[in-house]
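Trainee: Reproduced below are the annotations present in TrEMBL:
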ACT_SITE  139  active site, proton donor/acceptor
ACT_SITE  143  active site, proton donor
BINDING   14, 15, 16, 17, 18, 19, 46, 82, 83, 84, 109, 110, 111, 112  NAD(+) binding site
BINDING   47  NADP(+) binding site
BINDING   140, 149, 150  (S)-2,3,4,5-tetrahydrodipicolinate binding site
DOMAIN    9-112  domain 'Dihydrodipicolinate reductase N-terminal'
DOMAIN    115-251  domain 'Dihydrodipicolinate reductase C-terminal'
Ligand SMILES: NC(=O)C1=CN([C@@H]2O[C@H](COP(=O)(O)OP(=O)(O)OC[C@H]3O[C@@H](n4cnc5c(N)ncnc54)[C@H](OP(=O)(O)O)[C@@H]3O)[C@@H](O)[C@H]2O)C=CC1
Ligand SMILES: O=C(O)C1=N[C@H](C(=O)O)C[C@H](O)C1
(Lines of atoms letter the chains of each structure in order from A; the text may use other names.)
(Lines give C-alpha, C1' and ligand atoms only; values in the text may rest on other atoms or scores of the structure.)
(Ligands and ions follow the chains in the order given, each with its own letter.)
Protein backbone atom coordinates (compact mmCIF):
# COMPACT_ATOMS: atom_id res chain seq x y z
CA UNK A 1 0.00 0.00 0.00
CA UNK A 2 1.19 3.50 -0.86
CA UNK A 3 1.63 5.45 2.41
CA UNK A 4 3.75 8.43 1.28
CA UNK A 5 2.04 9.58 -1.92
CA UNK A 6 -1.30 11.36 -2.24
CA UNK A 7 -4.32 9.03 -2.33
CA UNK A 8 -5.20 7.64 -5.78
CA UNK A 9 -8.14 9.58 -7.25
CA UNK A 10 -10.72 6.96 -8.26
CA UNK A 11 -14.01 7.29 -10.17
CA UNK A 12 -16.65 4.58 -10.48
CA UNK A 13 -18.73 4.07 -13.64
CA UNK A 14 -21.95 2.20 -12.92
CA UNK A 15 -21.83 3.62 -9.39
CA UNK A 16 -25.53 3.01 -8.68
CA UNK A 17 -25.48 -0.57 -10.00
CA UNK A 18 -25.41 -3.73 -7.91
CA UNK A 19 -21.61 -4.07 -7.99
CA UNK A 20 -20.75 -0.38 -8.47
CA UNK A 21 -22.39 0.49 -5.13
CA UNK A 22 -20.15 -2.02 -3.35
CA UNK A 23 -17.05 -0.73 -5.11
CA UNK A 24 -17.81 2.85 -4.02
CA UNK A 25 -18.03 1.63 -0.41
CA UNK A 26 -14.77 -0.33 -0.74
CA UNK A 27 -12.88 2.68 -2.15
CA UNK A 28 -14.29 4.99 0.54
CA UNK A 29 -13.16 2.59 3.26
CA UNK A 30 -9.43 2.77 2.44
CA UNK A 31 -7.02 5.64 3.13
CA UNK A 32 -4.83 5.31 0.02
CA UNK A 33 -7.72 6.17 -2.36
CA UNK A 34 -10.23 9.00 -2.71
CA UNK A 35 -13.57 8.49 -4.46
CA UNK A 36 -13.80 11.58 -6.69
CA UNK A 37 -16.75 10.71 -8.95
CA UNK A 38 -19.73 8.34 -8.93
CA UNK A 39 -21.13 8.16 -12.46
CA UNK A 40 -24.11 6.20 -13.68
CA UNK A 41 -26.36 6.05 -16.77
CA UNK A 42 -27.32 9.55 -17.94
CA UNK A 43 -24.45 11.32 -16.16
CA UNK A 44 -21.91 13.07 -18.42
CA UNK A 45 -18.71 11.03 -18.76
CA UNK A 46 -16.77 14.32 -18.95
CA UNK A 47 -17.09 14.39 -15.14
CA UNK A 48 -14.19 11.96 -15.12
CA UNK A 49 -11.88 14.68 -16.39
CA UNK A 50 -13.43 17.46 -14.29
CA UNK A 51 -13.00 15.37 -11.12
CA UNK A 52 -9.31 14.76 -11.84
CA UNK A 53 -9.78 10.98 -11.72
CA UNK A 54 -6.52 9.06 -12.19
CA UNK A 55 -8.21 5.66 -12.39
CA UNK A 56 -11.70 4.46 -13.22
CA UNK A 57 -13.55 1.32 -12.18
CA UNK A 58 -16.16 0.18 -14.74
CA UNK A 59 -19.07 -2.07 -13.75
CA UNK A 60 -21.65 -0.95 -16.32
CA UNK A 61 -22.99 -2.96 -19.26
CA UNK A 62 -21.42 -4.78 -22.21
CA UNK A 63 -23.17 -2.35 -24.62
CA UNK A 64 -21.52 0.78 -23.19
CA UNK A 65 -18.17 -0.32 -21.82
CA UNK A 66 -16.20 0.17 -25.07
CA UNK A 67 -17.29 3.81 -25.34
CA UNK A 68 -16.37 4.38 -21.70
CA UNK A 69 -12.93 2.86 -22.21
CA UNK A 70 -12.27 4.85 -25.36
CA UNK A 71 -12.95 8.03 -23.38
CA UNK A 72 -10.69 6.92 -20.50
CA UNK A 73 -7.79 5.89 -22.72
CA UNK A 74 -7.98 9.06 -24.83
CA UNK A 75 -7.81 11.08 -21.61
CA UNK A 76 -4.97 9.04 -20.06
CA UNK A 77 -7.14 7.65 -17.25
CA UNK A 78 -6.31 4.10 -16.12
CA UNK A 79 -9.20 1.63 -16.06
CA UNK A 80 -10.01 -1.41 -13.94
CA UNK A 81 -12.85 -3.17 -15.71
CA UNK A 82 -15.28 -5.76 -14.36
CA UNK A 83 -17.90 -5.35 -17.07
CA UNK A 84 -18.16 -8.44 -19.24
CA UNK A 85 -18.61 -8.94 -22.99
CA UNK A 86 -15.03 -8.77 -24.28
CA UNK A 87 -14.27 -10.84 -27.38
CA UNK A 88 -11.08 -10.89 -29.47
CA UNK A 89 -12.33 -8.03 -31.66
CA UNK A 90 -12.94 -5.78 -28.64
CA UNK A 91 -9.58 -6.63 -27.11
CA UNK A 92 -7.83 -5.85 -30.40
CA UNK A 93 -9.60 -2.47 -30.52
CA UNK A 94 -8.42 -1.70 -26.97
CA UNK A 95 -4.89 -2.59 -28.07
CA UNK A 96 -5.14 -0.04 -30.88
CA UNK A 97 -6.45 2.67 -28.55
CA UNK A 98 -3.73 1.95 -25.98
CA UNK A 99 -1.01 2.13 -28.62
CA UNK A 100 -1.84 5.84 -28.94
CA UNK A 101 -1.72 6.32 -25.14
CA UNK A 102 1.18 4.08 -24.08
CA UNK A 103 1.31 5.13 -20.41
CA UNK A 104 -2.30 4.21 -19.72
CA UNK A 105 -3.17 0.87 -18.12
CA UNK A 106 -6.36 -1.15 -18.63
CA UNK A 107 -7.14 -4.27 -16.61
CA UNK A 108 -9.99 -6.47 -17.83
CA UNK A 109 -10.96 -9.16 -15.32
CA UNK A 110 -13.91 -11.49 -15.78
CA UNK A 111 -14.00 -12.01 -12.03
CA UNK A 112 -12.43 -10.02 -9.17
CA UNK A 113 -13.19 -12.54 -6.45
CA UNK A 114 -10.14 -14.42 -5.18
CA UNK A 115 -12.10 -17.67 -4.88
CA UNK A 116 -13.22 -17.49 -8.50
CA UNK A 117 -9.65 -16.83 -9.67
CA UNK A 118 -8.49 -19.91 -7.77
CA UNK A 119 -11.44 -21.94 -9.11
CA UNK A 120 -10.35 -21.07 -12.67
CA UNK A 121 -6.74 -21.95 -11.89
CA UNK A 122 -7.60 -25.29 -10.23
CA UNK A 123 -9.94 -26.19 -13.10
CA UNK A 124 -7.20 -25.59 -15.66
CA UNK A 125 -4.74 -27.65 -13.61
CA UNK A 126 -7.17 -30.57 -13.30
CA UNK A 127 -8.61 -30.50 -16.83
CA UNK A 128 -5.91 -32.55 -18.62
CA UNK A 129 -6.17 -35.26 -15.95
CA UNK A 130 -9.83 -36.12 -16.66
CA UNK A 131 -11.67 -37.41 -19.76
CA UNK A 132 -14.61 -34.99 -19.41
CA UNK A 133 -14.97 -31.39 -18.26
CA UNK A 134 -18.13 -29.28 -18.35
CA UNK A 135 -19.03 -25.94 -16.75
CA UNK A 136 -22.31 -24.96 -15.10
CA UNK A 137 -22.64 -21.26 -14.25
CA UNK A 138 -25.59 -20.02 -12.18
CA UNK A 139 -26.58 -16.36 -11.84
CA UNK A 140 -29.39 -13.91 -10.95
CA UNK A 141 -31.91 -13.41 -13.77
CA UNK A 142 -31.02 -9.70 -14.33
CA UNK A 143 -27.68 -10.69 -15.87
CA UNK A 144 -27.23 -9.38 -19.44
CA UNK A 145 -24.86 -11.96 -20.86
CA UNK A 146 -24.78 -15.75 -21.17
CA UNK A 147 -22.56 -17.54 -20.70
CA UNK A 148 -20.93 -15.45 -17.97
CA UNK A 149 -17.54 -13.86 -18.57
CA UNK A 150 -16.09 -16.10 -15.88
CA UNK A 151 -17.42 -19.26 -17.55
CA UNK A 152 -16.06 -18.12 -20.92
CA UNK A 153 -12.64 -17.45 -19.42
CA UNK A 154 -12.67 -20.77 -17.53
CA UNK A 155 -13.49 -22.61 -20.75
CA UNK A 156 -10.61 -20.89 -22.56
CA UNK A 157 -8.16 -21.79 -19.77
CA UNK A 158 -9.38 -25.42 -19.71
CA UNK A 159 -9.14 -25.69 -23.50
CA UNK A 160 -5.62 -24.23 -23.51
CA UNK A 161 -4.48 -26.65 -20.77
CA UNK A 162 -5.94 -29.63 -22.65
CA UNK A 163 -4.35 -28.55 -25.95
CA UNK A 164 -1.00 -28.15 -24.22
CA UNK A 165 -1.32 -31.69 -22.81
CA UNK A 166 -2.56 -33.15 -26.14
CA UNK A 167 -5.72 -34.36 -24.36
CA UNK A 168 -8.07 -36.36 -26.61
CA UNK A 169 -11.56 -35.11 -27.50
CA UNK A 170 -14.10 -35.53 -24.69
CA UNK A 171 -16.47 -38.51 -24.95
CA UNK A 172 -19.99 -37.56 -26.08
CA UNK A 173 -22.30 -39.90 -28.01
CA UNK A 174 -25.16 -37.38 -28.37
CA UNK A 175 -26.71 -37.82 -31.82
CA UNK A 176 -30.16 -36.37 -31.15
CA UNK A 177 -30.56 -33.08 -29.32
CA UNK A 178 -33.08 -30.35 -28.63
CA UNK A 179 -31.28 -27.08 -29.43
CA UNK A 180 -29.27 -25.91 -26.44
CA UNK A 181 -29.67 -29.09 -24.38
CA UNK A 182 -25.90 -29.63 -24.36
CA UNK A 183 -25.16 -25.99 -23.56
CA UNK A 184 -22.89 -23.64 -25.50
CA UNK A 185 -19.63 -24.83 -27.05
CA UNK A 186 -16.91 -22.44 -25.85
CA UNK A 187 -13.53 -23.43 -27.28
CA UNK A 188 -14.66 -27.09 -27.24
CA UNK A 189 -15.92 -26.97 -23.63
CA UNK A 190 -19.66 -27.26 -22.88
CA UNK A 191 -21.02 -24.38 -20.77
CA UNK A 192 -24.51 -24.46 -19.22
CA UNK A 193 -26.10 -21.18 -18.01
CA UNK A 194 -28.74 -21.13 -15.26
CA UNK A 195 -30.67 -17.91 -14.42
CA UNK A 196 -32.67 -18.15 -11.20
CA UNK A 197 -34.06 -15.47 -8.85
CA UNK A 198 -32.25 -15.52 -5.51
CA UNK A 199 -28.86 -16.50 -6.92
CA UNK A 200 -25.86 -14.11 -6.97
CA UNK A 201 -22.96 -15.66 -8.94
CA UNK A 202 -21.93 -19.30 -8.82
CA UNK A 203 -19.98 -21.75 -10.96
CA UNK A 204 -19.24 -25.46 -10.97
CA UNK A 205 -16.59 -27.14 -13.06
CA UNK A 206 -17.43 -30.85 -13.24
CA UNK A 207 -14.58 -33.16 -14.22
CA UNK A 208 -14.99 -36.89 -14.78
CA UNK A 209 -12.82 -39.94 -15.36
CA UNK A 210 -13.08 -43.69 -14.88
CA UNK A 211 -15.23 -44.30 -11.79
CA UNK A 212 -14.96 -40.78 -10.32
CA UNK A 213 -15.92 -37.13 -10.65
CA UNK A 214 -14.40 -34.00 -9.19
CA UNK A 215 -16.51 -30.85 -8.78
CA UNK A 216 -14.82 -27.49 -8.24
CA UNK A 217 -17.42 -24.97 -7.09
CA UNK A 218 -17.26 -21.27 -6.28
CA UNK A 219 -20.07 -19.17 -4.77
CA UNK A 220 -20.26 -15.39 -4.60
CA UNK A 221 -22.84 -14.86 -1.87
CA UNK A 222 -22.40 -11.08 -1.50
CA UNK A 223 -21.14 -8.57 -4.08
CA UNK A 224 -18.90 -7.01 -1.41
CA UNK A 225 -16.63 -9.96 -2.28
CA UNK A 226 -15.54 -8.25 -5.50
CA UNK A 227 -14.16 -5.22 -3.59
CA UNK A 228 -10.76 -6.47 -2.40
CA UNK A 229 -9.83 -7.65 -5.90
CA UNK A 230 -10.85 -4.33 -7.44
CA UNK A 231 -8.73 -2.46 -4.85
CA UNK A 232 -5.78 -4.72 -5.71
CA UNK A 233 -6.30 -3.91 -9.39
CA UNK A 234 -6.41 -0.16 -8.66
CA UNK A 235 -3.22 -0.34 -6.58
CA UNK A 236 -1.35 -2.09 -9.41
CA UNK A 237 -2.74 -0.44 -12.53
CA UNK A 238 -0.48 2.65 -12.67
CA UNK A 239 2.59 0.40 -12.75
CA UNK A 240 1.18 -1.76 -15.58
CA UNK A 241 0.60 0.30 -18.73
CA UNK A 242 -1.07 -1.44 -21.66
CA UNK A 243 -3.70 -4.19 -21.58
CA UNK A 244 -3.80 -6.85 -18.85
CA UNK A 245 -6.33 -9.69 -18.97
CA UNK A 246 -7.05 -11.24 -15.59
CA UNK A 247 -6.41 -10.00 -12.04
CA UNK A 248 -4.17 -13.02 -11.40
CA UNK A 249 -1.34 -11.13 -13.15
CA UNK A 250 -1.37 -8.58 -10.30
CA UNK A 251 -1.62 -11.12 -7.46
CA UNK A 252 1.10 -13.05 -5.70
CA UNK A 253 -0.42 -16.51 -6.17
CA UNK A 254 1.45 -19.74 -5.33
N1 LIG B 1 -15.62 -8.92 -13.11
C2 LIG B 1 -16.36 -9.16 -12.02
O3 LIG B 1 -15.83 -9.58 -10.96
C4 LIG B 1 -17.81 -8.92 -12.05
C5 LIG B 1 -18.38 -8.46 -13.20
N6 LIG B 1 -19.70 -8.14 -13.24
C7 LIG B 1 -20.16 -7.52 -14.48
O8 LIG B 1 -20.31 -6.11 -14.23
C9 LIG B 1 -21.36 -5.59 -15.05
C10 LIG B 1 -22.36 -4.89 -14.16
O11 LIG B 1 -22.98 -5.81 -13.30
P12 LIG B 1 -24.10 -5.35 -12.23
O13 LIG B 1 -23.53 -4.38 -11.27
O14 LIG B 1 -24.67 -6.62 -11.73
O15 LIG B 1 -25.16 -4.62 -13.19
P16 LIG B 1 -26.20 -3.47 -12.82
O17 LIG B 1 -27.15 -3.40 -13.96
O18 LIG B 1 -26.73 -3.68 -11.45
O19 LIG B 1 -25.29 -2.14 -12.80
C20 LIG B 1 -24.83 -1.49 -13.94
C21 LIG B 1 -25.01 0.00 -13.71
O22 LIG B 1 -24.37 0.71 -14.77
C23 LIG B 1 -25.25 1.73 -15.19
N24 LIG B 1 -24.92 2.21 -16.51
C25 LIG B 1 -25.44 1.85 -17.71
N26 LIG B 1 -24.86 2.53 -18.70
C27 LIG B 1 -23.96 3.36 -18.12
C28 LIG B 1 -23.05 4.31 -18.62
N29 LIG B 1 -22.94 4.56 -19.94
N30 LIG B 1 -22.25 4.98 -17.75
C31 LIG B 1 -22.34 4.74 -16.42
N32 LIG B 1 -23.20 3.86 -15.88
C33 LIG B 1 -23.98 3.15 -16.73
C34 LIG B 1 -26.62 1.09 -15.07
O35 LIG B 1 -27.67 2.03 -15.12
P36 LIG B 1 -29.12 1.57 -15.69
O37 LIG B 1 -29.53 0.40 -14.84
O38 LIG B 1 -29.97 2.79 -15.53
O39 LIG B 1 -28.87 1.16 -17.13
C40 LIG B 1 -26.49 0.43 -13.71
O41 LIG B 1 -26.74 1.31 -12.65
C42 LIG B 1 -21.90 -6.80 -15.83
O43 LIG B 1 -21.26 -6.88 -17.08
C44 LIG B 1 -21.51 -7.98 -14.96
O45 LIG B 1 -21.41 -9.17 -15.66
C46 LIG B 1 -20.51 -8.32 -12.17
C47 LIG B 1 -20.02 -8.84 -11.01
C48 LIG B 1 -18.61 -9.15 -10.84
O1 LIG C 1 -23.19 -10.40 -13.77
C2 LIG C 1 -22.73 -10.89 -12.71
O3 LIG C 1 -23.39 -10.93 -11.66
C4 LIG C 1 -21.37 -11.42 -12.73
N5 LIG C 1 -20.65 -11.24 -13.81
C6 LIG C 1 -19.33 -11.71 -14.01
C7 LIG C 1 -19.32 -12.76 -15.10
O8 LIG C 1 -20.07 -12.63 -16.09
O9 LIG C 1 -18.54 -13.71 -14.99
C10 LIG C 1 -18.66 -12.15 -12.72
C11 LIG C 1 -19.57 -12.87 -11.78
O12 LIG C 1 -19.91 -14.10 -12.33
C13 LIG C 1 -20.83 -12.04 -11.51
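Every residue gets a Cβ built from N, Cα and C, even glycine.
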Trainee: Please spell out the DSSP helix, strand and coil residue counts for the domain 'Dihydrodipicolinate reductase N-terminal' (9-112).
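Mentor: Per-class counts: 37 helix, 24 strand, 43 coil.
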Trainee: List the other residues in this chain whose Cβ sits within 8 Å of the Cβ centroid of the (S)-2,3,4,5-tetrahydrodipicolinate site residues 140, 149, 150, in sequence order.
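Mentor: Here the non-site neighbours turn out to be 84, 110, 111, 137, 139, 143, 145, 148, 151, 201, 203.
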Trainee: Around residue 149 ((S)-2,3,4,5-tetrahydrodipicolinate binding site), how many other C-beta atoms are within 10 angstroms of its C-beta?
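Mentor: Other Cβ atoms found within 10 Å: 19.
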Trainee: If you count the other Cβ atoms within 10 Å of each Cβ, which of the binding-site residues 111, 150 comes out on top?
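Mentor: It comes out as 111.
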Trainee: Cβ distance under 8 Å to residue 140 ((S)-2,3,4,5-tetrahydrodipicolinate binding site), same chain, sequence separation 6 or more: which residues?
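Mentor: The list for residue 140 ((S)-2,3,4,5-tetrahydrodipicolinate binding site) reads 195, 196, 197, 198, 199, 200, 201, given in order along the sequence.
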Trainee: According to DSSP, does residue 139 (active site, proton donor/acceptor) sit in a helix, a strand, or coil?
Mentor: strand
Trainee: What's the CA to CA span in angstrom from residue 14 (NAD(+) binding site) over to residue 149 ((S)-2,3,4,5-tetrahydrodipicolinate binding site)?
Mentor: 18
Trainee: For residue 149 ((S)-2,3,4,5-tetrahydrodipicolinate binding site), just give me the three-state DSSP call.
Mentor: helix
Trainee: Find, among the recorded positions listed as 16, 18, 139, 143, the one whose Cβ has the highest number of other Cβ atoms within 10 Å in the structure shown.
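Mentor: That would be 139, with the highest Cβ count within 10 Å.
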Trainee: Can you tell me the CA-to-CA distance separating residue 111 (NAD(+) binding site) and residue 150 ((S)-2,3,4,5-tetrahydrodipicolinate binding site), as a whole number of Å?
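Mentor: That comes out at 6 Å between the alpha carbons.
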Trainee: Just to be sure I understand the contacts, which binding-site residues have a Cβ under 6 angstroms from any atom of ligand 2? Candidates are 18, 46, 109, 111, 149.
Mentor: 111, 149
Trainee: Can you tell me how the residues of the domain 'Dihydrodipicolinate reductase C-terminal' (115-251) break down into helix, strand and coil by DSSP?
Mentor: 50 helix, 40 strand, 47 coil
